[in-house]
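A.B. asks: Found this in TrEMBL, in case it helps:
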BINDING   Thr71, Asn266  O2 binding site
BINDING   Thr71, Asp72, Phe172, Arg189, Gln240, Asn266  urate binding site
BINDING   Thr71, Asp72, Phe172, Arg189, Gln240, Asn266  5-hydroxyisourate binding site
Amino acid sequence: NFHYHSCHIFSLQIKDVEVLNCEYGKNTIKFLRLHREGKKHFVKEVEVCTHLRLTSAQEYLEGNNSLVIPTDTIKNTVLALAKKNGIPTLEQFAIDICKYFMTFCQVAYVKTYVQEVPWQRLHENGVPHVHSFICVPDGIRFCEAEQCRNGPLVVFAGIKDLKLMKTTQSGFEGFYKNEYTTLPERHDRILCGELFCKWSYGECKDFDFDCIWYMNKIRECILEAFAGPPDCGEYSPSYQKTVNSIQMLVLSKVSQVQVIEVILNNTFYNVVDMKNLGLTNDKEVSKCSKHNLRGLFRNTQPKSIAAVLHRVVKASKLSHPAPVKASPYL
């Protein structure tokens, strides 16, 4: 009887419902693309995630798979495009994937995420090696491209897992206090965190993405804003102000960036009290405690300090430009 009633319940039709989103795709397509120029080799190791939304949700609502592009086909397509086109830049590769899947009439939306393993060419006595590399964990470059049918192709880029620290020129004072406040004010502390930074180029144009990354040196802008001048640094009154300084410097130096999001997952270092050991600890030894909210929320980017900035288009007396849209990835 229980089995019969269960089947009966699941066969009922629910009226007045609407499918808001129904998409699927292939995650974690990992591969290495090797390019040879004579004896000199170039490598790109990437991880790709590609998701599709179809014009009909019939596979979801009715079990009709006639429009479904299998995830195995998605994986093979990504590998084939890497073979045929190479990976000139992460962004261009993501664009190639989006454009390919938009050729299918049943595809209404495609989104592709690509991140790069940070391989760097080995140098011996200042001489670059022709075919040997080292993996350097100084931040992971990534990008996203997405497109709706009859809509613009939008490109995002970013860097994640960038761990930063400065041992002075940071404090936290003058904050709101009530009967539950136990945090002491500090004018000289270690500022440390793991940074996630993502920006939007807006509608896809004929950008030289590698040029923007290497010549405009977005990564270096982040480091400069975080650290300040190399001989003296720059005081940070809070993690929030450091996040804002990073965003403002990138926007001021890289005109192609329209929207920028920065998340700084802070790591606290508390000076160890060594009086019971008969020692004076002048901030030489500190205990680490991470406060990154990991594990409290499922399937979300862990956030401690987060903010988004976008350029505002100023209206002239003769024209009324369209407003800048808020970040689509929040």
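Backbone N, Cα and C define each Cβ position, glycine as well.
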A.B. asks: If we count other C-beta atoms within 10 Å, could you say which of the binding-site residues Thr71, Asp72, Phe172, Gln240, Asn266 has the fewest?
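C.D. replies: Selected from the binding-site residues Thr71, Asp72, Phe172, Gln240, Asn266 on minimum Cβ neighbours within 10 Å: Asp72.
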A.B. asks: Quick check for the class: what is the C-alpha distance, in angstrom and rounded, between Phe172 (urate binding site) and Thr71 (O2 binding site)?
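C.D. replies: So the alpha carbons of Phe172 (urate binding site) and Thr71 (O2 binding site) sit roughly 49 Å from each other.
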A.B. asks: Once near-sequence residues are set aside, which residues in the chain of Arg189 (urate binding site), 6 or more away, have Cβ atoms under 8 Å from its Cβ?
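C.D. replies: When sequence neighbours closer than 6 are ignored, Arg189 (urate binding site) has Ser170, Gly171, Phe172, Tyr269 within Cβ distance under 8 Å.
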A.B. asks: What whole-number Å value do you get for the CA-CA distance of Gln240 (urate binding site) and Thr71 (O2 binding site)?
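C.D. replies: The Cα atom of Gln240 (urate binding site) is 41 Å away from the Cα atom of Thr71 (O2 binding site).
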A.B. asks: For the C-alpha pair, I'd like the distance in angstrom between Asn266 (O2 binding site) and Asp72 (urate binding site), rounded off.
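C.D. replies: That separation, Cα to Cα, works out to 39 Å.
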